[in-house]
Amino acid sequence: MEEGQVYQSSDQTNYVYDEVFPALPESANPAPHNDIKICNNKMRVGSSVITQVFRVPADERRYDHNNSFGEKESVRTCSAIMKETGAVIEIATSKDMSLTFLVTGKTDSVMDARRKILSNFQTQASSKLSIPKEHHRWILGKAGGRLKDLEKSTATKISVPGINEHSDEITVTGTREGIDKAIHEMQVISDEQSKKAFERIPVLKVYHPFISGAYNENANAIMNHTGCRIHIPPPSAQVDEITIAGEKEGVAAAKDKILKQISACEKFTTVGVEVAKMQHKYVIGPKGTGIAEILQSTGVSVEMPPLDSQKETITLRGPQDKLGSALNMVYGKANSVQAATVDAPSWIHKYIIGRKGANIKQITQDLSKVHVQFTEKEDKITIEGLPEEVEQAKAKLRELTAEMVDKLTYATLHVDPKYYKHIIGRNGANVNRLKEQTGVVINISDADQNVIRIEGDKDGVAAAKQELEDMIAKMELEKEKDVIIDWKYHKLLIGQKGEAIKDTKEKFGQVLITFPPQEEKSDIVKLRGPKDDVDKCHKYLLKKVKEIVESSYQIQIPAFQCHKYIIGKRGATIQKLREETNTIIDMPSENSNSDTITITGKKENVEKAKELIIKIQNEQNNVVTDDVSIPPKMYNSLIGAGGKLIRSITEDCGGVSIKFPSNESNSDKVVLRGTKENVKKAIKMLLEQVNEHEQNSFIAHVRANPAHHKYLIGKYGANINRIRESTGTRIIFPSEKDEDKEQIVIQGKKEGVEQAEAE
């Protein structure tokens, strides 16, 4: 099939592309089995479905798709384009590293996909051409339709300046081939609209090289002589015509010259010559210079088969007496560079290349005209260059390959991915240790999610494989378990310098216990080891946590300046208290402003220690316990938000203890304990707070029609704010949720409430 050719498919057509075009996945997830069949087996499509085949030459591939990860990246890119356009894309890499694409779908989808593919996979160029401003609308077409069609057919991006812009330059971006096609089409459209003469001459595609001449010499000569423009379609466009535009006389003269040239071409002879496909690119030369040289020297055109076809026949067309010279030039160019291959398993390529290319540099350092190419997933090495140098490189590579094949081997292990992190170890510690010990390469690939590959010398591979198999066998008998333990207790479980957890690890030597970093504040402790040991360790840790929680009950009581009596001579009293109650008793330091004793331990032990300390304090004449009657309804007001008010009274009264009765007791007795002076002072402050609250809690109700409320409030609340400030009261109007919409509540001191009520 010719490059860019479109064919209509019928219901009876069978497509067998599996060998040439490996199917792409339609998404990152595996597709259902029946979907794969649709892509790769018999495709039944209606007459509206077309298929296009086109290629991207190796020297025009974008660099970001031409690296060691190119295949994966290409698949991802094509998958994205398929989703965007609805077309089905298949891709194949040729031996010369060119890419061949097969795109199937509705016409618009295929054209859109082709443009996106070329934009992503082929290097992009940009060209500008001047077209008279008045011709731009013909290029755009109705609602821009003609321009869109042109962009799709040439796979380019065409920017036409706006009506208000003074520029007449049109910019075309895309592949060089697409740009040439687009420029040709736009020039023809412009010439058709020109007021000057315009001619379309039917000319077979095979005669175009003779009309244009080598390096466009003939066409330029005719244009210079006649003053007209000649547009010859680019080589990639399958168009059998040439257009001429200009003054009437010039067009007629140019047409006459072209027709004479066509008559001469019709007498030319053709000959086919077989040249190995691998050598065709040397005949073509960089950017077609090889073919141009032959045409310039001999007047013979060289017709090459498409690069993506398997044909090896090159056709020479020209005068009979010049075909021999042209044939010699073709053979000369084809044989100027020799190509050879060396069989070498693809996995061994990197070892042949060597670290930082050391091995391959040693082979090629004296062979400056040799190019060695390693292709991913191909079990061969390609060598190109001067014949004598190619033979030398081939011999050296064969020798090195044989040495590597004899020395190196590989092994694969099928492993559940859940074991990967343990095989790799923290920061790669396990796998790096194994690599250093055995000298092998270990690949744990994301692509093959259950395969580990080991490469290296035979002894190293065997040793690494055995150790990994032992490690995996051990892990298969193990289990991993998460224990949920409040992160606040992790420090206590670990102990000072890890002493506490050391005992646990000795008790369960086969279990790996992993605590999360303290800053993460995570509650998950991970256990890994033999199943029975993990379960026992789990129960043991929970038991220890329970003991820690039970031993973490804590209360604080005021010292009431009885430090020396509680501590005793040389600490004897407090030491005895600690031993008798099995608690931790922390006394404030001598220089501390605090007067608080902290007791920590099991609840019953803490309460016992508290009673003993209170007993010591009571034995001193200065500490008393007293109570005062306060209505329970006042308790919340006395305590204050967040306990602020009662805390301030305690602090002002030397740390006196104030205890309110529980809700269930039905008592109104508030118990105070401390020094006589402080208890007396605290009772006085409590009663003052009660009295002040009662004075400020006088309430009156005023009724007013809801329609009048806004007048009572005033503009921006002016009236009500004045009354509040002058009387010191709170005035509450009914909200939308209140059932009684007339009742207004006034709260404050009695005299203030009465004054507000009067106003």
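Using N, Cα and C of the backbone, Cβ positions are placed for all residues, glycine too.
Where the annotation comes from TrEMBL, it is an automatic prediction and has not been curated.
Note that the coordinates shown come from a computational prediction; the quantities given were computed from them, not determined experimentally.
Residues or ranges marked as domain 'K Homology' in TrEMBL: 48-122 (among others).
Taken from TrEMBL, the feature domain 'K Homology' applies to 123-191 (among others).
On the 0 to 100 pLDDT scale, the domain 'K Homology' (195-263) averages 90 in the predicted structure. If you look up TrEMBL, you'll see 195-263 (among others) marked as domain 'K Homology'.
Residues annotated as domain 'K Homology' in TrEMBL: 267-335 (among others).
The annotation domain 'K Homology' is assigned in TrEMBL to 336-402 (among others).
Under the heading domain 'K Homology', TrEMBL lists 407-473 (among others).
As annotated by TrEMBL, domain 'K Homology' applies to 477-546 (among others). DSSP assignment over the domain 'K Homology' (477-546) gives 39 helix, 17 strand, 14 coil.
Under the heading domain 'K Homology', TrEMBL lists 549-618 (among others).
For 622-691 (among others), the entry in TrEMBL reads domain 'K Homology'.
Annotated domain 'K Homology' per TrEMBL: 696-759 (among others), in sequence order.
Here the domain 'K Homology' (622-691) has, by DSSP, the following mix of helix, strand and coil residues: 39 helix, 17 strand, 14 coil. DSSP states for the domain 'K Homology' (267-335), grouped as helix (H, G, I), strand (E, B) and coil, give 37 helix, 15 strand, 17 coil.
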